[in-house]
Every structure is written in C-alpha cells, then in structure tokens.
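Pulled from TrEMBL:
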- 93-229: domain 'Peptidase S54 rhomboid' (DOMAIN)
- 12-35: transmembrane segment (TRANSMEM)
- 102-123: transmembrane segment (TRANSMEM)
- 135-153: transmembrane segment (TRANSMEM)
- 159-180: transmembrane segment (TRANSMEM)
- 187-206: transmembrane segment (TRANSMEM)
- 212-230: transmembrane segment (TRANSMEM)
- 260-282: transmembrane segment (TRANSMEM)
Amino acid sequence: MPSSKNGGNNTQWTAWLTPVIVLACIAVFIVVMFINDCPKTVAGANGDCVPRFLRSSDSMLLLIGRSDDSNPHCGFRLEKMGALDRSKVVNGNEKWRLVTSMWLHAGVVHLIVNMFNVVLIGFRLEKQFGFIRMGLIYLIAGLGGSILSALFLQNSISVGASGALLGLLGAMLSELLTNWTIYANKLAALFTILFIVAIDLAIGLLPWVDNFAHIGGFLTGFLLGFVILVRPQYGWEESGNSPSQYGAPRARSKYNPCQYLLFFIAAVLVVGGLAVGIVMLLKGENGNKLCKWCHQLDCIETSRWTC
C-alpha cells in the first residue's frame with residue numbers, strides 16, 4: 001500500500017464500517033443457509049450441517065461459489081433471497097435486486113475470499129478517507145457491477161460483493177494516480193494494485209464467476225476515486241505559512257490542473273454511465289446484441305469446461 005510523504009495529509013479515521021459490512025455479509029450467509037433448511041437438506045438425519053456440508057461432494061460447487069439455482073442444497077436457492085436475476089429486475093419490477101445481490105454469497109470460499117479482501121482494502125480506505133466516502137464507493141461500485149451484469153447475463157443469477165470489492169480496488173488505483181505527488185513508494189503500490197486487479201479479472205474468466213460484475217464495479221470505483229478521493233497536492237498546507245521573497249505568504253493551488261480535469265471527466269462518465277446503464281436495463285436491452293464479443297470477457301471456453 002502506498003505511504004504518503006512527510007507533510008502529506010495523514011489524518012486517520014476510525015474504521016468501523018468495514019467490519020460492519022463483513023459481519024452483515026456473514027450474517028446474511030448464515031440466514032440463507034438455514035432458510036434453505038441446510039441442516040435437513042445437506043446434513044440429512046444426522047443434523048450435522050457443517051461437517052457434512054464440508055465433506056459432501058455435492059456441496060463442492062457451493063464451496064467454490066457457483067451462483068445458480070440448479071441444486072436444491074442450501075445456498076443454491078439464492079434467487080428467493082434477492083440474487084440478481086435479470087428477468088425479475090426487468091419484467092418483475094424488482095429493482096432492489098441490484099443492491100441486495102451484493103450482500104449474498106454462493107459459498108463458503110466465495111464468502112471468505114471476498115470478506116478477506118474487503119477487510120484488507122476497506123480498512124485502508126476507510127482509515128484514510130472516512131466511512132462516508134468508503135461506503136459510497138462500496139455501494140455505488142456494487143450497483144455499477146450489478147447493472148453491467150444484468151445487461152449481459154441473460155439466463156443466470158449472480159450474487160456476491162465482488163463488484164463492490166473491485167470498486168474499492170479501482171478507487172484505490174485512481175486515488176493513487178490523482179494524488180501521485182504525495183506518495184513516496186508510488187510505483188510499487190501501482191504495480192501491486194494492478195497485479196491484484198489482473199488476478200481478480202482472470203478468475204472472472206472461469207465458469208460460474210460473474211466477470212461483468214467485476215468489470216462494472218472496477219470501472220465505477222475507478223471513476224469515483226477521481227471524484228471523491230482527491231487530496232491537496234504535496235506541500236499545499238506548508239505553502240500558506242512559508243513567506244515568499246517579498247515577505248507575503250506564497251499562494252499555491254490546493255489542487256493541480258490535472259486533478260481538476262480528471263475530476264470533471266470522471267464525474268461526467270460515472271453519472272452518465274450509470275444513467276445510461278439503468279435506462280438500457282429498464283428498457284430490456286440485451287448487452288450481448290450491442291457487443292457481439294463481450295461474452296468472452298465473462299468466460300473463456302477450454303477443454304476442461306464450457307461456458
């Protein structure tokens with residue numbers, strides 16, 4: 001993670017929203033298991049839900065997080081709990097699924113991996129920028145991921161906080177770029193973030209993983225970072241108190257021209273993109289008809305699996 005130079009804004013906030021998000025996702029996952037009657041459908045007569053669940057060969061897909069409704073075991077009937085289902089969003093007037101789906105997870109591994117990354121990234125952003133900005137990025141990026149997913153995934157449901165998580169990563173990347181002058185180890189941080197993003201998007205090419213949510217969340221968060229994570233350029237605070245050669249305080253712009261330009265462009269793109277996406281979705285547009293090759297961004301067929 002990047003560290004700021006001496007003299008930069010090192011204000012630290014108390015991170016409480018990130019653990020609340022993690023606890024909420026865990027609680028929802030437990031509720032989903034028991035609403036789907038996990039002890040009965042998975043453990044059988046023994047009532048030993050968790051051990052049997054972890055040993056069951058039928059439940060391995062639940063462990064890795066297959067988000068469809070093809071299996072009657074617990075965790076697979078996510079549609080009833082608010083999973084993202086295009087047909088219900090477009091035709092069933094259930095727009096709330098664009099938000100509720102980011103709080104559901106398709107399996108234990110899916111939940112653990114996402115929550116680990118939310119803690120890792122969310123704590124850092126919340127401590128530096130506060131819960132309001134971090135929370136806005138999380139929710140709006142998750143919404144952006146859901147919109148793109150619903151435009152392209154026609155016949156399957158989608159769940160998970162991955163879109164919101166990629167949004168935090170995208171915001172971290174744009175924050176590094178727009179506040180470039182205040183960081184010391186900027187190149188190392190840049191390559192680290194790009195590497196993590198590349199891994200997440202590569203995983204999204206596997207079957208049953210919604211890469212459109214990843215892409216939509218990342219792009220939304222990346223743009224939001226230019227808008228709400230802008231910080232004064234390095235040396236601005238000191239420049240107001242240091243005298244010039246004529247004895248008067250030196251006036252230095254709080255933000256540089258590049259920051260202003262990126263702010264304006266990103267604000268237009270994120271507002272316009274979300275608006276266009278929502279309108280297209282409500283009109284029932286099929287993203288695959290507008291982009292014939294975009295399905296390859298979600299899954300690549302190999303000899304081991306089909307999409």
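Placed from the backbone N, Cα and C atoms, the Cβ positions cover glycine too.
Note that this is a predicted model, so its numbers are computed, not measured.
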Secondary structure content of the domain 'Peptidase S54 rhomboid' (93-229), with strand meaning DSSP E or B:
107 helix, 2 strand, 28 coil
Do any residues of this chain, six or more beyond the ends of the transmembrane segment (260-282), have a C-beta under 8 angstroms from a C-beta of it, and if so which?
89-90, 140, 143-144, 147-148, 150-151, 174, 177-178, 219-220, 223-227, 230
